[in-house]
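> Residues or ranges marked as domain 'Transglutaminase-like' by TrEMBL: 261-352. Sequence annotations record features per position, and here TrEMBL assigns active site to C269, H326, D349. The Ca(2+) binding site annotation in TrEMBL covers N389, D391, E440, E445.
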Amino acid sequence: MKEEGRCDLDIMRNSSSHHTELYGEERLIVRRGQPFIILLRLKPGNKEGVPYVFMSISVFSGPVPRTESGTKVSFGLRDSTVDSEWSASATNDPSGNTVSVSISSSPNAPIGVYSLTLDQGGQKTSLGQFILLFNAWCSRDAVYMRSETKRQEYVLAQYGQIYRGTYRRIKGKPWNFGQFEPGVLDICLKILDENPKCISDADKDCSGRRNPIYVTRVLSAMINSNDDRGVLVGNWGEVLDGVHPGTWIGSGDILRQWAESGPVRYGQCWVFAALACTVSRALGIPCRVVTNFQSAHDTNGNLMIEKLYDERGKRMSNADSIWNFHVWVDSWMTRPDLGPEFDGWQASDPTPQEKSEGVFCCGPSSLKAIREGDLTKKYDAPFIFAEVNADVVDLVCLSNGETVKFRDSTDSNYVGCFISTKAVGSDERHDITHQYKYPEGSKEERQVYEKAQHHNKLQQLGEEPGLTLKVFFTIKLAKNMSVGSDFEVYTVLTNNCLEARTCTFLFFAEAVSYNGKLGNSCGFVSDKVEVPSGEERRLFLRLDYDRYGSVITSDRLIKLSAIAIDKQVAEYHKAEKTIVLDEPDIEIELLGEATVNQSVTAELTLWNPLPKSLQDCSFTVEGVGLTNGKPITARIGTVDPEQEAKARVKFSPTSAGSRVLLANFDSNNLKNIKSSINVVVKE
């Protein structure tokens with residue numbers, strides 16, 4: 001209880017009932033549409049209590065609070081609170097020394113920092129400040145979510161898995177969202193305050209914060225720094241300064257760096273998405289990180305990815321591309337602007353790819369609109385639809401200026417598959433492809449695609465009628481394809497024609513980034529072969545580390561392309577496959593029991609699989625409730641070939657319960673290696 005005549009915000013009790021205790025007990029943080037209790041200590045001699053008829057309460061938020069904008073509200077006491085607007089009621093404590101005041105905020109109130117003032121017959125007293133958040137537990141709130149297990153996952157969970165790799169080898173990587181770490185909520189509110197819309201019209205922006213659609217769109221723009229003083233700078237090339245995107249294992253360190261010194265270098269799609277998830281959950285919006293494998297980037301909006309090749313089978317650069325994977329977020333909310341049938345998950349993408357309304361942002365777009373191909377529904381439905389459902393056409397550009405289609409192509413043309421997010425309550429992968437699209441090739445999927453084409457006023461570019469597959473093409477992989485090893489792959493050309501065919505047979509291996517950008521060659525072989533009817537020919541390609549090690553990125557991806565050219569009939573056949581090289585594991589061992597406020601040591605070990613030394617080696621660990629909200633790095637210098645990198649890291653847990661310790665290994669030639677271990681902390 002505070003001094004006489006003052007207010008007790010009863011933080012512990014309110015935090016428990018509002019599911020905000022994880023933010024700490026330093027200040028009052030509540031969720032909208034739900035009552036919270038404050039206690040007023042009466043002055044000596046005022047035993048009759050408060051003359052309620054003369055008492056009113058005011059709340060105001062933002063730099064220019066206005067009643068018309070909903071950022072300034074005054075209301076008197078009544079017999080009981082109501083759940084549809086700001087209201088308050090009061091009861092006397094039996095001792096007569098205190099009055100308990102129940103205040104209920106509007107379920108449509110703008111989120112943010114509020115000041116609380118008591119007016120007694122014209123005498124105004126400041127009662128302090130509180131932070132108001134979205135409320136997934138309130139049925140009148142736009143972000144209401146019925147399931148408690150889902151609320152625990154999508155609002156309260158501070159640890160998650162982000163899926164990467166290729167659709168044939170999906171790998172979950174741990175991430176520390178850390179939305180309840182000290183200082184993170186303040187930084188999230190600072191992101192809203194520094195967005196250009198707030199700077200140009202603070203009144204309108206703060207009023208707009210009642211709407212999770214508006215807030216999500218602002219975050220989509222502010223997580224990247226392309227148009228503003230946003231959080232993160234993207235880099236898909238060589239990193240010569242800043243932090244390599246693959247090094248990060250949590251959001252907190254990035255957000256703190258931004259708050260201190262501005263845009264942070266660097267991030268890629270999964271880092272942008274993880275930050276958006278952290279900020280959304282911190283503000284109370286249910287949010288999940290989503291990975292789309294074989295993700296199309298359609299730059300001209302025709303819902304078609306055109307891949308161009310020259311007559312020798314080499315890929316030509318053009319704006320359209322297919323990413324091995326792309327990561328964004330889904331946020332849960334109603335869509336009164338679209339209609340109730342579009343409520344639920346909404347996709348938004350903070351990775352700066354294309355501009356929307358003049359700004360690098362994307363979404364939120366209803367998953368139901370995307371699934372049904374209803375591309376008139378805002379925001380950015382055509383772009384997201386194309387990411388998961390565009391068609392692909394492979395074209396050969398002939399020297400005479402004409403183009404011809406490849407007669408067949410495999411693996412590369414399946415856009416939008418194995419769309420993945422972490423399962424509720426476990427680290428298992430949950431496939432949500434069906435929430436974004438109908439089954440590939442189904443009648444419904446084709447109808448949706450044609451509907452989408454109609455919305456775009458474009459005609460579908462279909463296959464030529466009566467075209468039959470005459471050559472069967474596949475690529476076969478080795479069993480052991482770990483980084484640092486040498487291995488062999490081969491392609492098989494089968495002739496299903498009635499007569500023999502003579503073809504030029506090409507087999508390429510090229511480094512590729514996860515966003516589909518091709519790098520340097522790391523292998524090539526060719527042959528001219530005659531294939532009798534019903535028979536097959538094989539072409540082998542050896543991939544040596546000495547050749548691929550210097551050209552692959554930290555994604556450890558190699559794209560294999562096999563092409564057969566029959567110039568007699570001007571036919572081109574193609575097969576593609578992207579392989580992800582296996583990486584060494586980080587072994588984490590806890591040396592002793594973990595106890596609150598007592599030092600414990602984690603031993604980290606990684607075997608160097610490369611035939612050369614690793615320089616500038618380090619392990620970094622981080623964990624909510626384990627490392628006091630900050631990463632801890634142990635630098636170990638050089639590790640020789642086929643030797644172990646080993647380090648010990650000490651940390652003191654700050655809270656009891658089940659926790660997760662995340663680890664990252666970094667070096668000059670081996671990056672982006674992550675692991676985690678569950679830690680049970682005792683009181």
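Positions of Cβ are set from backbone N, Cα and C atoms, glycine also.
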> If I take every residue in the domain 'Transglutaminase-like' (261-352) and average their pLDDT values, what number comes out?
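It averages 93.
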> Report, in whole Å, the straight Cα-to-Cα distance of C269 (active site) from N389 (Ca(2+) binding site).
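Here the two Cα atoms are 19 Å apart.
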> By CA-CA distance, flag whichever of C269, H326, D349 among the active-site residues is nearest to E440 (Ca(2+) binding site).
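Checked the active-site residues C269, H326, D349; minimum Cα distance to E440 (Ca(2+) binding site) goes to H326.
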> Counting Cβ neighbours within 10 Å across all chains shown, tell me which of the recorded positions D349, D391, E440, E445 comes out on top.
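Per the Cβ count within 10 Å, the most buried is D349.
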> Given D349 (active site) and C269 (active site), what distance in Å do their CA atoms have, once rounded to a whole number?
9
> Reported in the order helix, strand, coil, what are the DSSP residue counts of the domain 'Transglutaminase-like' (261-352)?
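Going through the domain 'Transglutaminase-like' (261-352) residue by residue, I get 19 helix, 41 strand, 32 coil.
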> Other than its own, how many Cβ atoms are within 10 Å of the Cβ belonging to H326 (active site)?
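The answer is 27.
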> For the recorded positions listed here (C269, N389), tell me which residue's CB has the most neighbouring CB atoms inside 10 Å.
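Compared across C269, N389, the most Cβ atoms within 10 Å surround C269.
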> Taking Cα atoms as reference points, rank the recorded positions H326, D391, E445 by distance from C269 (active site) and give the first.
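Its closest listed neighbour, by Cα, is H326.
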> At the level of the C-alpha atoms, what whole-angstrom distance separates H326 (active site) and E445 (Ca(2+) binding site)?
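Computed Cα spacing between H326 (active site) and E445 (Ca(2+) binding site) is 21 Å.
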> Using the CB centroid of N389, D391, E440, E445 as the Ca(2+) site centre, which other residues of the same chain sit with their CB within 8 A?
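Apart from the listed residues, the neighbours are A390, V415, G416, K437, Y438, G441, R446, V448, Y449.
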